[in-house]
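As annotated by TrEMBL, transmembrane segment applies to 12-35, 369-390, 402-430, 442-468, 480-500, 506-526, 538-562, 574-595, 602-621. According to TrEMBL, the feature domain 'Peptidase M28' maps to 134-329. Among the features that TrEMBL reports, domain 'Endoplasmic reticulum metallopeptidase 1/1-A TM' is placed at 407-617. Under the heading domain 'Endoplasmic reticulum metallopeptidase 1-like C-terminal', TrEMBL lists 631-864.
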Amino acid sequence: MPGKILSYIFTLELLWCVLGPGIGISVYFLTYWNWNSLPSGVNLADGNQSSDGRFVAERALYDLGALTSRGPRVAGSETNERFAVDLLYDAVESIASQALPEYAVTYEIQRVSGSYFLDYDEYPITSFYRNVQNIVVSVKRRDSFSGKHLLLNAHFDSAVTSPGAGDDGTMVVVMLELMRQLTQNAGSAMQHGILFLFNGCEENTMQGAHGFVRGHPLAHSVAAFINLDVAANGGREIMFQSGPNYPFLMAYYHDYVQRPYANTLGEEVFQMGLVPSFTDYETLSKQGGWPGLDFALSSYGYLYHTAMDTRETISAGTLQHIGDNLLGLVRALINADELNNIHEHREGTAVFFDFMHLFLVYYTETTGLIVNIVMGVLSLALIVGTLFMIMQKDGAVGTNVLFEAGMALIVQTLSIVFGAGLSVLVAIIFDACGRSMSWFSSTWLLFGLYFVPCIGGLTLGPCLYVRFRKIPFLHDQGRVILFLHAQHCIYAVLLITLSIGGIRSAFVLLFPIIFYCATTIINMIIQFRLRVWIYVHLVGQLVPVFYFSSLAVTLFAIFVPMTGRSGNRSNPDLQMALFSSLLTLLLVGLLTPFIVLFRRKLYVFGTILLIFLATAVVAATPEGFPFRAHTSPQRYYIFHHQRNFYWPNGTLRNSGAIYYLHPQDRHTPELLQSEVPEWSAAQLLGDECKRELYCGIPFYINRYHRQSASSFWLPAMEPPIFPEPVNFQFVSREAPAPGRHRMYFSVQGPSHMSLYVSPLAGRKLIGWSFSDRIPPSGKRWNNQDVYYVNFFSGSLDLTPFTFYIEIEQESGGVQSDDSHFYLSIVAQYMHHENVYRPREFQFLLNKMPKYAHTVAYPGYLESWIF
């Protein structure tokens, strides 16, 4: 009797319930290991003995240590404008002095002023800058220069509080080492020159790159560029933007990059604005009109823009990986014939992706459209062919087979919706219980929380349908074939639809489609021989499963850390649930129908429920607390603001100091209020946003206003301490024509300032000092247009600046000379020492949780009505 019970319990189904998750987890960790595998760094001894011009990671690490030794390099600070500039200039000078005679190396410090317009949705920016510093280096062979340059760009300024070892010190020192290897190797052919642009102001609206494009005489000789940036710390660099419209760049990437890591999906996601970052690629591409490639480190973004982005977080393997890839690519591009007449090679955008970082696949968008349509049509044709085989082989009535095929499609579609719905439901429940982002530091929790419910939903539909609807003319394996074909049909229709819609990322559907088509053809040849066809199908799923596991590693490595800086209004668990559902569908969509063949399906659903419940319990423990002190901190932006508001006659109508809390993640401010009692009294901005222009808050950048409805403030007893006070003065007034009023002002303050201009009803802004043309308004306030100017002063030049604003009274408007527009002057003191913090502010910051990383500095606002 006990033997019968044991034989009943320990069945093939139970074995698969153990082996299935085990195999899936093993495949995932194999792809994770592959993703993390980096080459050993070449040391100085090996590099000096080598004659093949190898990239030397040890020397790059030494340069990185020197660059980050003074801490943050915020644009406008002494550390950035003097220390970093001098250090890089000396390094370039040393490299130039050691260059072989056949290479001409020229270099200079560019100081440039200018302005341009950034057309961001709702919050456009007029970026005005003066005396931005770039270091520009030209390298060319004396005997073979075509007159064209390949531009390499990286920025040496860093974010507030961040030493910037990853962003973007890594790429800066990579460029220095590339320069050494290219100028000290006699075997380096060089048809074209190379421009190394070390730009000194990227973090503040990409002004350094714009200054080079519009202000440097060598810019006209640039044929193509490579932009090098970082959105994380360490790991592989991903090439996520190319062209646009110059697919030959991908051909060179394919042929000369040793360890490719590139994906069209990343490009389209970035360009859709789903990534809360910008790079110089946008400026170089749009302002310069040049084609290029955009590289960025993408792994371990928890430390991005924090004080923990230090030299110690960057490994020699990371630098060696980047250096090896770029050295081969750059050597090829500086000898590319296409750069001689670049515009003749404009052929449309490219589709590209790597497979497990082993090799790259690329083709033009037109080729992709043809391939996708052909594979989609072939998929549908094979489905029809299989249905005819079923009719002939089993002698079933054609209408019955077609009806069952249609029902299988409906059931499979509803199962997908149900599976995704279960994952979304879990996300809503966890958020409602205050346990959102439990996977932030422990990403493995995503599998149990969101993958497993989706798998359960995908499995339940086919099982219930087969259980309650018996069909005498079709055996269970035949019914599984119908469900598999239904899933394949969904893939095929999506592939065709997305391709016609111009979505290049539709290529991901080619993996299940191509291999399913291949196994279907084989199975049609063997006439779907019982049991044998199953193994043919399973073998065909190996490559898609490996690819989508690798894609999952990439997506979660990039997007999970980003949820820590995406604001508090949206539920990041919903995003992860949808990502997980999509990946689940791609990973096991062509595997779950086989559960129909299990005799004891209760084992399957019991395993699914057990995994989910175990994960949910762990997520409710301290393991599920989102943040860790030194590896995955919670981000806080807390500013100490002084605000002064004036009547039109110049008298002060309101004044005071506040602490402003700008939300970064879903747990702001609840976690802070539980740790620091003082923040329990914090209030939403509320009616302040109606009374004052853009809430009367000195936002660092205008798009911060997007989160004003969920931002908090506290009254401050002590005012901020300003090392460089703002000196704003009205200078004079002119009337260039009837109904027009031009007013001149003078302003002097810190390096980072901004202006908000909002004409009153019946008035229109028609001229100002910050651009030749008036840009479109940003998000309106009280039915008034709002124009925003980001005003930056580099080179430690804080001399007064005089500007004018010209307003015109519109026809039909109130003809009055009393008031015409609101003008707010904003100053940010983001790179000054902590000594300028009052005791109250420092006391508040000292009470921050240990797992918090806090950006804290004073700001100032004057709001006038003229």
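Placed from the backbone N, Cα and C atoms, the Cβ positions cover glycine too.
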For the transmembrane segment (402-430), sequence-distant contacts whose Cβ falls under 8 Å of one of its Cβ atoms, 6 or more beyond its ends: 383, 387, 436, 438, 449-451, 453-462, 465, 469, 471, 474, 479, 482-483, 485-487, 489-490, 571, 573-574, 576-578, 580-581, 584-585, 589, 593, 619
Winner by Cβ pairs under 8 Å against the transmembrane segment (602-621), considering only 12-35, 480-500, 506-526, 574-595: 12-35
Residue numbers, six or more beyond the limits of the transmembrane segment (12-35), whose CB comes under 8 Å of its CB atoms: 235-236, 299, 356-357, 447, 545-546, 549-550, 552-554, 557, 587, 598-601, 603-604, 606-607, 611
Stretch in 442-468, 506-526, 574-595 most in contact with the transmembrane segment (480-500), if contact is a CB pair under 8 A: 506-526
Same-chain residue ranges lying at least 6 outside the transmembrane segment (574-595) that approach it to Cβ under 8 Å: 24, 412, 416, 419-420, 423-424, 426-428, 431, 439, 446, 449-451, 454-455, 458-459, 462-463, 480, 483-484, 487-488, 491, 508, 511-512, 516, 534, 537-538, 541, 544-545, 548-549, 551-552, 555-556, 559-560, 563, 601, 604
